[in-house]
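Record features, source TrEMBL:
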type	residues	note
BINDING	HIS189, GLU292	Fe(2+) binding site
Amino acid sequence: MKKGVLLVNLGSPDSPDPKDVKKYLGEFLMDERVIDVPLWARTLLVKGIILNTRPKASAAAYKKIWWENGSPLIVLSEQLQERVQESVDYPVALAMRYGSMTIKKGLQELVDKGVDDVFLIPLYPQFAMATTETILVLAEQIRQDHFPNITMNSLPAFYNNPDYIEVLSNSIARHLKDKDYEHLLFSYHGVPERHIRKSDITKSHCKIDGSCCATPSPAHEFCYRHQCLEVTRLVAEKLGFAPGTYSTSFQSRLGFDPWLQPYTDRTIERLGKEGIKNMAIVTPAFVSDCLETLEEIAMEGEEIFHEMGGKEFTTIPCLNADMPWVNLLSKWITNWATSKKETV
Ligand SMILES: C=CC1=C(C)c2cc3[nH]c(cc4nc(cc5[nH]c(cc1n2)c(C)c5CCC(=O)O)C(CCC(=O)O)=C4C)c(C)c3C=C
Ligand SMILES: [Fe+2]
Ligand SMILES: [Fe+2]
């Protein structure tokens, strides 16, 4: 069998034009694993309300971060794909869950090169229904419908993989080397609390109050909250952070349902009010810088901090196409291709 790799990230609009943003948001938010309410309610909410208001504001935010060669998330994912391709002997393709770089096109690209054994890599360290699960479900559907003769395996969530923690910790340490910061905030993309309960395979484990997430459980294989807290804990342990000098929060909430807390914007506000003058922020739910890191954190977050009296606000870039991250992905790919079952 000929092996190949498909890297999959979230996706971006084709341009920061409100028309393209609306098209992208329409596909994204109509995903039943993103807005997980019955179809009639989702249609009403997304097409009747959100798409009439949000695209204009989102487009303005995208315009602030858009690069000459496109969306940062796409450009950085392409750089990652190119570097991984240079490091392994198997064809490596890139696709997005939403937008024009579809998973179908990515699989077709591999099949056209003779590939019939695919290693699917969702570019998310933590499992979430709205990210990893939606990729796995759609990719399997596309395989069955269009490429029934290929086999496909996927990389599991790698949030607690020691090599990943080392790469992330080294990146954080490198960016903070000359910084005199008082507090490091680990800000993860939020999800509605309901998503955590739905992903709980034991149906009784996740309590959201924090107590469950420190208790060993099979539910943690799919508990996004647990996996985020673990990344913070493992990095803090690796870098020897003192208690109180770091914390975890969740950003980017949408709508009125309760999302995972504490919220990032309120945490930045609180840190500023408490007299922290220099803070740093890292965003380990994203492997590529994107709207949520470059605008919501690096621009809006910094503004909130300054309004609260803060002085220096350091945003640590995502792993993007850094060579230690490229080398780690290449190692996982080689392990898979040489049939070592323990890919992470
Ligand atoms: C109910 C809505 C949303 C859920 C649940 C959600 C989960 C989720 N998202 C990411 C990663 C990214 N999200 C990005 C943008 C973005 N996310 C939502 C909504 C939900 N996300 C919206 C509406 C948007 C668009 C921007 C906006 O209007 O605010 C991005 C950036 C994309 C880019 O083009 O740069 C990423 C990346 C994760 C990891 C996640 C759950 C864990
Ligand atoms: Fe999102
Ligand atoms: Fe949990």
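Glycine is treated like the rest: Cβ placed from N, Cα and C.
A simple way to gauge crowding: the CB of GLU292 (Fe(2+) binding site) has 21 other CB atoms within 10 angstroms, across all the protein chains here. Taking a C-beta cut-off of under 8 angstroms and a sequence separation of 6 or more, HIS189 (Fe(2+) binding site) has the following same-chain neighbours: PHE250, GLN251, SER252, THR283, ALA285, PHE286, GLU292.
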